[in-house]
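Over in Swiss-Prot, the protein carries these features:
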- 12-46: repeat 'PPR 1' (REPEAT)
- 47-81: repeat 'PPR 2' (REPEAT)
- 82-116: repeat 'PPR 3' (REPEAT)
- 117-152: repeat 'PPR 4' (REPEAT)
- 153-186: repeat 'PPR 5' (REPEAT)
- 187-221: repeat 'PPR 6' (REPEAT)
- 222-256: repeat 'PPR 7' (REPEAT)
- 257-291: repeat 'PPR 8' (REPEAT)
- 292-326: repeat 'PPR 9' (REPEAT)
- 327-361: repeat 'PPR 10' (REPEAT)
- 362-392: repeat 'PPR 11' (REPEAT)
- 393-427: repeat 'PPR 12' (REPEAT)
Amino acid sequence: MVRGLVNFTGLSTRLLNICVDSLCKFRKLEKAESLIIDGIRLGVDPDVVTYNTLISGYCRFVGIEEAYAVTRRMRDAGIRPDVATYNSLIAGAARRLMLDHVLYLFDEMLEWGIYPDLWSYNTLMCCYFKLGKHEEAFRVLYKDLQLAGLNPGPDTYNVLLDALCKCGYIDNALELFKEMQSRFKPELMTYNILINGLCKSRRVGTAKWMLTELKKSGYTPNAVTYTTILKLYFKTRRIRRGLQLFLEMKREGYTYDGYAYFAVVSALIKTGRTKEAYEYMQELVRKGRRHDIVSYNTLLNLYFKDGNLDAVDDLLGEIERRGMKADEYTHTIIVNGLLRTGQTRRAEEHFVSMGEMGIGLNLVTCNCLVDGLCKAGHVDRAMRYFESMEVKDEYTYTSVVHNLCKDMRFVCASKLLLSCYNKGIKIPTSARRAVLSGLRMSGCYGEARKAKAEMKLTLVGNS
């Protein structure tokens, strides 16, 4: 592809940017770099968009340091980074929960006379929330934005509402929603975020009230809205009510996308009604919907639930023959499915092959592997993967602490828990109780007293 473009005399900076963007999306960063060099040789100079595209690719698929190195090359080429440059770097660092790096990038922006925009602050707030630093996130909303002369818009509130809901602070989210209503009309996405949060908290009545508010605002519930409510019914084992809602909406003329069918199928799988699940999948095909990666993921989940590994292998072969690209969820299903069916070595081999194929190892897959290996009794193997993880969240640490306790490694669990407190990572009190009671049960009374005192001291220091 690159060689062909070198011979193309009509190459312009705009075309160069389009090609670089395509290569980056397909993770072909080396080819993108070669294309830029070839463009320069042909007299086509890259601009800030070219480098920003490259930086975004490195942030997503390689690493922050590699992405940051591109900014030095930009300046060497006489091109000044802009706010979009730093937003990509900030997003990449925030995705990896590298708060110190995010704050450093903010400082550097200001030093270069580049002012953060709403997107920059939205990303910072999201990072604070993921790390459990809620006060800092609200300080950004009520103080930093005001000092920067920026007015929070719907996107800012959506970020905050989504973070509050995911952290379980539903009442705070509802209060913030009222504040938002006093400033401007919430978007359909806002209602969907709140309905999703309420459904995950299993607050059925409030979710129904929010749906009524959505309709009063002049919006029509979309597939996302109803799929969210369907999932609530299915999670609370109200399978019959969920199926009734699904059929009612179909009769009323609502067009369901594949996701609604997959929600129905997933619920039927979880309740052991695999025959009905197959029938719904066949109905989806009869309606003219070809299998895409989402439907294949649902089928993979179905086959793993049945323990039908032969069908899994056949389906993976079909995906490959059709030239379809498995997504992160596909690989998570495979790793989780293999672990649940006792195929721990195959799960590890697949996990390792993901890295070899250049597939980003997302946090969910890593957590899944570590937790699954621990539960299968392979704690030492799990800990090796845990130590190699670049990004860890509250679930990672909580899972490992509990699994270490189950394996009677209370001292190790205590040290890990203390490191979490020192880093300001919020861990459920159940993990603290498990560690302290385990130390006492194993006769380590001195260790228990020492650990309790250190935990208390650290918690007071972080408050």
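Cβ coordinates are placed from backbone N, Cα and C, and glycine is handled just like the others.
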For the repeat 'PPR 6' (187-221), residues assigned helix / strand / coil by DSSP: 26 helix, 0 strand, 9 coil
Sequence-remote partners of the repeat 'PPR 4' (117-152) [C-beta within less than 8 Å, at least six residues beyond its ends]: 83, 86-87, 90-91, 93-94, 97, 99, 102, 106, 109, 159-160, 163-164, 166-167, 169, 393-394, 424-426
Folded-back contacts onto the repeat 'PPR 6' (187-221), same chain, C-beta under 8 angstroms, at least six residues removed: 154, 157-158, 161-162, 164-166, 168, 170, 173-174, 177, 180, 228-229, 231-232, 235-236
Positions on the same chain near the repeat 'PPR 10' (327-361), where near means CB under 8 A and six or more residues out: 27, 60-61, 293, 296-297, 300-301, 303-304, 307, 309, 312, 316, 319, 368-369, 372-373, 375-376, 378, 381, 385
Counts by DSSP class (helix H/G/I, strand E/B, coil) across the repeat 'PPR 8' (257-291): 26 helix, 0 strand, 9 coil
Distant-in-sequence neighbours of the repeat 'PPR 5' (153-186), which means Cβ under 8 A and at least six residues beyond its ends: 118-119, 121-122, 125-126, 129-130, 132, 134, 137-138, 141, 145, 193-194, 196-198, 200-201, 203, 206, 217
Surrounding residues of the repeat 'PPR 7' (222-256) on its own chain - C-beta under 8 Å, 6+ positions past either end: 188, 191-192, 195-196, 199-200, 202, 204, 207, 211, 214, 263-264, 266-268, 270-271, 273
